[in-house]
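According to TrEMBL:
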DOMAIN    181-293  domain 'Glycerophosphoryl diester phosphodiesterase membrane'
TRANSMEM  34-53  transmembrane segment
TRANSMEM  80-101  transmembrane segment
TRANSMEM  143-166  transmembrane segment
TRANSMEM  178-199  transmembrane segment
TRANSMEM  220-240  transmembrane segment
TRANSMEM  260-292  transmembrane segment
Amino acid sequence: MTEESSPIGTLRPWRFTEVLDGVFRTLRTNLRSVWMVCGTFIGLGTFFLYFSIYQLESGRGGLYFDPYEAPLSSSHPADWMLLVISGMVYILSYLFLGPLAGASVTGITRGFVRGEAALPLKHAFRLAVRFGGRTLVTMLIKWLLIMGAALVPLTPGLLVGLAGWWQVAPVFLLPGGLVSFGLLTFFYIRFFLAVPVILEENTAYWGALKRSWRLTRWSFWRTFGLLFMLTLILYVFNMLPSLAQLLLMIPAEMFLPPEWFWVANLIQAFLMAVLTALLAAPTWIVATLVYFERRVRKEGLDLIRETGRLEESAL
């Protein structure tokens, strides 16, 4: 593949920095589709959660305060109920709608790697509908396996504690917690490529997980390093919503009467939902890039021939 035919370089084992650069090139090229998909499937739950938090804060001391210094109060039961409901909506949206967004973002990234034009918004949502069900079930299986593996090292300490020997339990829980974290990280990375496998190879459930396990063999630390660096970069970008909240809070508290704080809360929640929803996409993008990179390294994948074969089969 020539330099011009690939958005992130020639078809060869990409360097570490090329993969990270490909994440942000993908976002820049498909920003509208990625943002709308993530905002629709993830942003709604985030919006309700932040709005309920801001409403609760407004009733306990203004638009901004230290929740650890303000005493808990039951004088606003409606706000507390809204917070509980919003938290449930937030968890359910990430659990059941997040995989749909992941399938769509993966499909968008796949087209970008192949050098195709930016995917229209309508087609991005079609990807979510087409592959969302298989992605959801595969992700549920994946997390059940990961959490089950992470729970095993903690079992001795928990059993000792339940037997009443809580003074002795930390002796088992501390090393067990370290082993549990290691297993969680290990299995997460080995199953990291499951979603790209579903879309690219039309293999789901156990087959996708086993395929991801084979592709990530001998690349654990490289994938771990990519995720670690991406997390650090996203941590910096994650400060933007807090900055936006601060810039909105100051004029709102100066010019709005307390009974109109809910307007500022709506705006703050919307900004937080829009910005944080976009931050969910890079993980799925890097998974897709690593998937193609691993296939190039392990299997000598030729995207030009593969794309031509797919186009011929479509005709």
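Glycine is treated like the rest: Cβ placed from N, Cα and C.
Across 34-53, 80-101, 143-166, 178-199, 220-240, the stretch most heavily in contact with the transmembrane segment (260-292), judged by Cβ pairs under 8 Å, is 34-53. Long-range contacts of the transmembrane segment (178-199) within the same chain: residues 99, 102-103, 106-107, 110, 127, 131, 134-135, 138-139, 142, 145-147, 149-154, 207-209, 211-213, 215-216, 220, 223-224, 227, 284, 287-288, 290-292, 294, each at least 6 residues beyond the stretch ends and with a Cβ under 8 Å from a Cβ of the stretch.
For the domain 'Glycerophosphoryl diester phosphodiesterase membrane' (181-293), the DSSP counts in helix, strand and coil order read 97 helix, 0 strand, 16 coil.
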